[in-house]
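See below for the structure under consideration.
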């Protein structure tokens, strides 16, 4: 009873501040409602229409655009590429970020110099990274000029082989070798980010814990494996979420570096979306790809948001 | 240590900014035009993707000349760079959908114009303009057909490029004792010989797939001939016609003779292979001549030569940039004045020598052009003209996108049946 009374009084007291806050929030809420959610709804509407030329045609097509996409050779290739790109990219970024983070955390001299060097690539735009790595991994220039002395000349992003492939739908499902070149470029750029995250996390692991483990006779390796890395779990989850939504939507790096690639070995949904919409004028098809991408990203993001919301309470 | 960090941080910032500024430069052309253009009736906004070396000079020369002759009209250059016109087309589509059309814009003759903007009911016919200026017999009839739909003419062609040309390295041909081939047999005999000598016979750069599509359309022209080639894209001959299958097989055979790293190159990179003698031949629109001469400093007829794509002598794969009159603009008179100017020999002879193309009019001044240009002009006047698929003239953008995809798959897989089936499936979008 008393508690309720207190709450009530509290709410009344808050009223003025409360309304000021709401007043400040309303414009941005309205803008976001229109320009984010409104246009998502609009895209959804276009994706079930027949708008496939420059002439808008909003007649209802049902799920036809989605069905034809999933039967499409190029889109199936895109899904395959996105899956493997995401897995390799996140894996590499986590392993490299954690590894470098642990090395830098050894209180070595010139620590901040190394930290900055590893953080640099993040300051570049993906377009720059794409152009640079396009030349570095070009099979006839770049690294191969050096590697050929050892008798190895990988074809990098022009390789059309699919490793461990098997027939799936219209395509061969397996690891496209060419995507590895793109993964290297993407990981080069984003490792600095996970390094920074892990470094912050490592600094948060209390020395007492390590000390205690050491007293119990754990080796350095065991300390990391059993104490430190499990404590970094929340950071790993954050890195996975952030990298996943980046890699599932990737466009600029691929577009600048390789394009669709021979036989679509480096194509991704975002590139297909851009080309079918603005080159082929097939707006309904492009909208359908956009919605599918949104759903795929949502699969990662929504549970995360849900979780962190629960954490707040 | 702190100081060092600071310096590195600044450096990172500068690098980041440098990275961003590249993008904003490109956007400038369009954003300027948005803020200034449109409101003044005496401003004519010309929208194009002419931002390359020669073509930009040509465009600026055009604007200068027009403004000198018409001091009361200001021309605004709203060029959008990048992607061989792809970026510009995306910007254009957005502006047209938003009912904010530029005064006039660059568009390839053929279906890009007719099945695109004309079908979308965004263009005004220019029949009166043609009559006033007596253009009906100044442009070749087959070219006027290319910019007409249902008897109405919709744009003014400014320049002509030719797509069915093979450029070749003269020294490589001479060293291997090869003559310019005219038929596919001679072509493949020469290719075998070159391959044995360790030279890549045909250079291809299909990072963007259109250069490969361009080879295929030229094979189609060589196999079908001009009339049936046109019929194919009008839907009167199906894509599973046995001659199309034969063309696909020939296309595959040409692909047996290309450089291995084709997917890592764009067309300029493939032209470099020919320039430095690693490859012998390059099928490319004749804008490649400008690249050889201006950028690679080669001499026409000395360092590199050219011949028609096998089986296409007397035929001319036309790529033409044209300008039309959109609906819903408030300065029609001024724009018509500008279009009249674009169609004049005076304007065409100013623009084309700089761009390295030839004029769309057949009565232009030959003396303004180089040896290649003179020859191309002669061929243009005498040859059968056919629309290019790879450049959006022969079929709709929707079909072209799917054809490019089919070609991209075919280049790797070489599965003729799949290829033909994909083209056939796509032909409903034509």
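Quick reminder: no glycine exception, Cβ is built from N, Cα and C everywhere.
Taken from TrEMBL, the feature transmembrane segment applies to A:21-45, A:83-104, A:116-136, A:177-202, A:223-247, A:253-274, A:286-306. What TrEMBL lists as domain 'ABC transmembrane type-1' is A:79-306.
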Based on Cβ pairs under 8 Å, which of the stretches A:223-247, A:253-274, A:286-306 lies most in contact with the transmembrane segment (A:21-45)?
A:286-306
Which of A:177-202, A:223-247, A:253-274 contacts the transmembrane segment (A:83-104) most, counting Cβ pairs under 8 Å:
A:177-202
When each of A:116-136, A:177-202, A:253-274, A:286-306 is checked against the transmembrane segment (A:223-247) for Cβ pairs under 8 Å, which one has the most?
A:177-202
For the transmembrane segment (A:116-136), sequence-distant contacts whose Cβ falls under 8 Å of one of its Cβ atoms, 6 or more beyond its ends:
100, 104, 142-143, 157, 181, 184-186, 188-193, 195-196, 250, 252-258
